[in-house]
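Listed in TrEMBL:
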type	residues	note
REPEAT	56-88	repeat 'WD'
REPEAT	98-139	repeat 'WD'
REPEAT	140-175	repeat 'WD'
Amino acid sequence: MFRKKGAGDWKLSVEHAEKVPSLPIIGHALRNDLQTGPSNRPSIFAQEQAVESREWDSKQRSVLAVRWNADGNYCLSCGKDSTIKLWNPFKSMCVALFSGHGRDVTDVDCAGDSEHFVSSSFDKQVLLWDVPNTAIVRRFRGHAGRVNCVKLNEEGTVAVSGSVDGTARIWDLRSRSYEPIQVLAEPSDTITSVQISKTEIAVGSADGFVYRYDIVAGKLRRDYVASEVCSFMLADGCLLVQSQDGNLRLLDANGGSLLGTFAGHTVTEYRADCQMTLSKVYATCESGNVICWDLVSQKTVGRIPVREGMPLSGFDIYKNGLVAAAGQKIFLRPILA
């Protein structure tokens, strides 16, 4: 659908459709739980209201990640002070404080009902939280090193976490067992990013590969980008990958060929984040901006200024609103039309 005319095979070494003999999740009852659906809650974005630019001090020493909740009414931030905060970004107001991790909280992801979320931390744990009661529901241990990232399916039944120990672990949030359903140990370096789609669990690693586990067919696909994977995003038929060498690439999810590249942002020392909509591609720049490109033409269509001169630790998009973090500050910005 998004194939650029004349695009050839770009990959250096990509192995496709390898059989994975050790995938016990194949055929597991939880396979159907990865099917996600939209939240039924009304959102402030339902009327397509204009988003006003705001910024405020999180008082979390440094914010490592910021995420919208499922309906776009609130956002979650996690910081180096080992806390997670729930915000009303349209009023710059802290709604709730969650404490329970022992060290820096690296990532957070909210369930589709906005009643629960999961978090990861330097303390090697993944926690499941109850939002109304600001309480910890479950603690999952097993990683041998700090946990860099975590993703939750929208129904709140399966979580995937990635760690510096080179493994991704799949957790059943409904079971009473504290053992993971599966340990994905194919990566040979730090796990930097994880994603869950309807049929795949994907893992990005510092070894330069994005590993995509097809839970229906029981196969593993590997896409190689020749540099550490900072972040990536799965979409229908394509894969957007930001690597540490500064390249932002759009790959064909089925054949692995290069569909397009996006240039104009600076990535040298800091980890860059990227996201994609049906018509736009967004990525952080070390200048403190979020760069926006047209998906089809790969041309830069604008910059969203966030905090000039300071690299962004992360951002998230919901319809016409963007939340981002730099240092200990959180920013709300309107999306470019």
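Just so it is clear, glycine is given a Cβ too, placed from its N, Cα and C backbone atoms.
The average pLDDT for the repeat 'WD' (140-175) in the predicted structure is 93. With a threshold of 8 Å between CB atoms, the same-chain residues lying at least 6 positions outside the repeat 'WD' (56-88) that come near it are 38-39, 41-45, 94-99, 101-114, 117, 119, 121, 123, 129, 131, 154, 313-319, 321, 323-330. Broken down with DSSP, the repeat 'WD' (140-175) shows 0 helix, 19 strand, 17 coil.
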